[in-house]
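Colleague: Once you've had a glance at the structure underneath, I'll fire off some questions.
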């Protein structure tokens, strides 16, 4: 009797540990899904509001890449949930491959962001001084919203519009003989900082959490786990 209880105790312990690890995997995957959805909203807004006015600062390509990575990550989360639920090695391997894609993509984003930061101000000022590009910037959704909402005019002030000041800069429409004198530069950079923080947090967790789930799927305390019944 005592021998039977003694031999069944390790089996029960292993079973409980497997259940606990599955719960941990579900929690991590749920957290990853939440972080990824928030990041997808941020990258989509950056693209929708055209924060890269002239397409020369690098923000456009980073936002596009982050949107792609968010899509891959959401698919990875779904596959991970299925792998844990149905105990499938094939899904587990697929999850691990997608995990590798996320890690490589995240490293590329970090490299592009570092490169972008070294010349962002220069490229931005070059964009704002580009007179032929003024008609395009006049229709920019972010500038239209920011100037009207915060009663500012241009990123660097009304002078960047030349003689053709944007209509939303008018402080007394429709005559428009006076314009808002403040610039929208700080507002623009505040938005960029928020988006950068969201991207940074997402990349941090993408680099750390998916491999943990992959480890849970295939190993436990250095021992091979079979999810097959």
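Positions of Cβ are set from backbone N, Cα and C atoms, glycine also.
Curation does not apply to TrEMBL; its annotations are automatic.
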Colleague: Between 155-186, 187-218, which stretch does TrEMBL give the note transmembrane segment?
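Modeller: In TrEMBL, the transmembrane segment feature sits at 187-218.
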Colleague: Same chain only, please: residues at least 6 beyond the ends of the transmembrane segment (65-86) with a C-beta under 8 Å from a C-beta of the stretch. Say none if there are none.
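Modeller: Residues 22, 25-26, 29, 32-33, 36-37, 39-40, 42-44, 47, 92, 94-95, 98-99, 101-102, 105-106, 108-109, 112, 199, 202, 206, 210, 213, 216-217.
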